[in-house]
Amino acid sequence: MDPSDQKHFTVVDYVIFAVLLAASMAIGLYYALSGGRQRTTQEFLMADRSMGCLPVSLSLIASFQSAVAIIGVPAEIYTHGTQYWFIGCAYILGLFIPAHVFIPVLYRLRISSAYQYLELRFSKTVRICGTLTFIFQMVIYMGVCVYTPAFALNTVTGFELWGTVLATGLVCTLYTTLGGLKAVIWTDVFQTVVMFAGQLAVIVVGVLRTGGVSEVWRKVWEGNRIAGLDLNPDPTERHTFWTLGVGGIFLMLSLYGVNQAQVQRYLSSRTEKEAVRSCYMVFPSLQLALALSCVMGLVMFARYCGEDHSDKLGSSSRDAMVIYFVMDMLQGLPGLPGLFVACLFSAALSTISSAFNSLATVTMEDLIKPHFPAMTEARATLLSKALAMSYGLLCLAMAYLTHLMGDSVLQVALKIFGMVGGPILGLFCLGMFFPWANSIGAVAGLGAGLTVSFWIGVGSIVTRTSGVKPLPPDCRVALLSNDTTAAIQTALSDVALSRPSGLKRFYSLSYMWYSGFNCFTVILVGLIISFMTGRKVLTHVLSPQRSSPPHHKESNGQVGTSQEETESFLPEAPFVEYETAV
Ligand SMILES: O=C(O)CCCC[C@@H]1SC[C@@H]2NC(=O)N[C@@H]21
Ligand code: NA
């Protein structure tokens, strides 16, 4: 991109960005110096289980609404139209099921790591497998989240790339390490507000500069960006109501039902009711977040009518074009470009800090504490902080790796969730809904699920055949009579989608089905292996009906549940050993 076209920042913009980092830092310091001063893991990792539903719900949004969505969704809408908006239909069951199935089971166990459930239900091995899979998923996802805003900004504005990544990563690591989960949740609240404000500013200015609402509507309507209800049942069709509205439910369950970052927020709520309420409160905010990013894509389309600006942006993807659009809109309005940069980094920081903290929690609870039961609270807290710091640095390394991935960032993130989050969801479903599943079946199921998911995922990258054709690129085309446009569309679609067959068809499964498909693979294989290896029938499973396990008052008034108390809560009924199936 030639320097003359680069959009520059005024001093005000840099100041606003610095204020964002400073405010986040201040919140971190406040929680490092107040309350219990982060001296126990209960406080550092679980916020003393004292949180209310408002901060928890905003923090739940912030955890999986990163710069990837802020940049990737408008690029998606600009290129392919509003079909993606139907993922909003998945939020209904995608939040209702976590609120009434996953939260009751996990909250009553008074655990810190979601994967402790897997040991209680299956075995320590299954727990370790779940934890390692989660760590793998979040480390890659973190890299994408750190890299996205820095790369996009650098392409368009010359904003110092690695300096930004470093500044963001270090500030985030610091306040997460100093202030623990309380700081992470309250910075999430602050950053979510900044995130919405930034997107709203771009939309308002964009609409005003593109001739007003009616003009924008006319252009997006004639640019056939307003998608109808596409009920095409073909699972290889990238975005349809089924892949987004139904496949998206499994994506949501893998994130809002069993992902440690979200489970930890439910567990940090002061009561189970608060946790359920926070889950309900996510719904409107998530719909708002989705609407803002979709509308931003529509305004961008109305502004550029699908023209290709690669001459200005060089080879960079549509993602970078979103930043180009924002700078084009906000140029000359001092402070607004800075607000949008703050919005972008708020989205990134709030996701990364949640990832650090949840990674430190599971590493501590699942991988370290079981081997050092006698470790003192002080040492455990110090170690947790060291872990948060080291994950922070690892994340910077992952950012560089992202540099090497292709694809639109939204697609990369959603594929990661589908490929890795899907099998973990399958593991929890196997445990909660299938009493006759046993540990061997669980491990085998997870292994099969991950194998199949990477087979499809890698296969789809290698055989990138049906590269989805964007809709007609230009408004002018759309201004033709509808049947001409339809004729062009048909011609395009016939040529583009040379119907893949056999294995190629398998590879071209929509990535929005990865979560559901992999979840079912784990369950299916898990059940088959369980039947083959002799069934242990649980007379009752850890289900919502059960009362909470016994717990005792610690000396400092804290409520705790010791390991033996949890075990006493376990289905103590004797396992019934069946003859191994012939
Ligand atoms: O924004 C990201 O970091 C990842 C992309 C969005 C992840 C999923 S999509 C469904 C749900 N809605 C969100 O805003 N985030 C999650
Ligand atoms: Na975020």
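Just so you know, glycine gets a Cβ as well, placed from its N, Cα and C.
The transmembrane segment annotation in TrEMBL covers 12-33 (among others).
Long-range contacts of the transmembrane segment (53-73) within the same chain, counting only residues at least 6 positions beyond its ends with a Cβ under 8 Å from a Cβ of the stretch, are 84, 144-145, 148-149, 152, 184-186, 188-189, 191-193, 195, 198-199, 255-256, 259, 261-262, 265-266, 268-269, 274-275, 277-282, 285-286, 289-290, 293-294, 296-297, 319, 322-323, 343-345, 347-348, 350-352, 354-355, 408-413. The transmembrane segment annotation in TrEMBL covers 53-73 (among others).
Taken from TrEMBL, the feature transmembrane segment covers 85-107 (among others).
Residues annotated as transmembrane segment in TrEMBL: 128-149 (among others). Remote same-chain residues near the transmembrane segment (128-149) are listed as 66-68, 71-72, 113-115, 118, 164-165, 168-169, 259-261, 319, 344-345, 347-348, 351-352, 355-356, 358-359, 362-363, 366-367, 391, 394-403, 405, 409, 412-413, 416-417, 420-421, 423-424, 427, 443, 446, 450 (criterion: CB distance under 8 Å, separation of at least six residues from the stretch ends).
The transmembrane segment annotation in TrEMBL covers 161-181 (among others).
Among the features that TrEMBL reports, transmembrane segment is placed at 193-212 (among others).
For 239-258 (among others), the entry in TrEMBL reads transmembrane segment. Within the chain, the transmembrane segment (239-258) has long-range Cβ neighbours (under 8 A, six or more residues past its boundaries) at 60, 64, 80, 83-84, 86-87, 89-91, 93-95, 97-98, 101-102, 114, 229-233, 279, 282, 414, 417-418, 421-422, 424-425, 428, 510, 512-516, 519.
Among the features that TrEMBL reports, transmembrane segment is placed at 279-302 (among others).
Among the features that TrEMBL reports, transmembrane segment is placed at 339-362 (among others). Counting same-chain residues at least six beyond the ends of the transmembrane segment (339-362), those with a Cβ under 8 angstroms from any Cβ of the stretch are 9, 13, 16-17, 19-21, 24, 45-46, 59, 62-67, 69-71, 112-115, 131, 134-135, 138-139, 141-142, 145-146, 148-149, 152-153, 159, 164, 168-169, 171-173, 175-176, 180-181, 184, 187-188, 190-192, 194-195, 197-199, 201-202, 259-261, 264, 326, 330, 384-385, 387-388, 391-392, 395.
Annotated transmembrane segment per TrEMBL: 382-401 (among others), in sequence order.
Positions annotated as transmembrane segment by TrEMBL: 413-434 (among others).
Beyond the transmembrane segment (441-462), the same-chain residues lying 6 or more positions past its ends with a Cβ under 8 Å from any Cβ of the stretch are 118, 122-123, 125-126, 129-130, 133, 415, 418-420, 422-424, 426-427, 430-431, 503, 506-509, 511, 514, 517-519, 521-531, 533. For 441-462 (among others), the entry in TrEMBL reads transmembrane segment.
What TrEMBL lists as region 'Disordered' is 543-582.
Counting same-chain residues at least six beyond the ends of the transmembrane segment (12-33), those with a Cβ under 8 angstroms from any Cβ of the stretch are 167-168, 171-172, 174-176, 178-180, 182-183, 186-187, 190-191, 194, 334-335, 337-339, 341-342, 345-346, 349. The stretches the transmembrane segment (279-302) and the transmembrane segment (382-401) do not meet in space: the count of Cβ pairs below 8 angstroms, excluding pairs fewer than 6 apart in sequence, stays at fewer than three. For the transmembrane segment (161-181), the residues of the chain that approach it from at least six positions outside its boundaries are 21, 24-25, 27-32, 38, 43-47, 146-147, 149-151, 153-154, 187, 264, 268, 345, 348-349, 352-353, 356-357, 385, 388-389, 392-393, 395-396, 399, judged by C-beta separation under 8 angstroms. Tertiary neighbourhood of the transmembrane segment (85-107): same-chain residues 77, 114, 117, 227, 229, 239, 241, 244-249, 251-253, 256-258, 262-263, 266-267, 269, 272, 275-276, 279-280, 282-283, 286-287, 290-291, 294, 428, 432, 512, 542-544, selected by CB-CB distance under 8 Å and a gap of 6+ residues from either end.
Counting residues 6+ beyond its ends, the transmembrane segment (382-401) has Cβ neighbours under 8 Å at 38, 41, 44-45, 139-140, 142-144, 146-147, 150, 165-166, 169-170, 172-173, 176-178, 352, 355-357, 359-361, 363-364, 368, 375 in the same chain.
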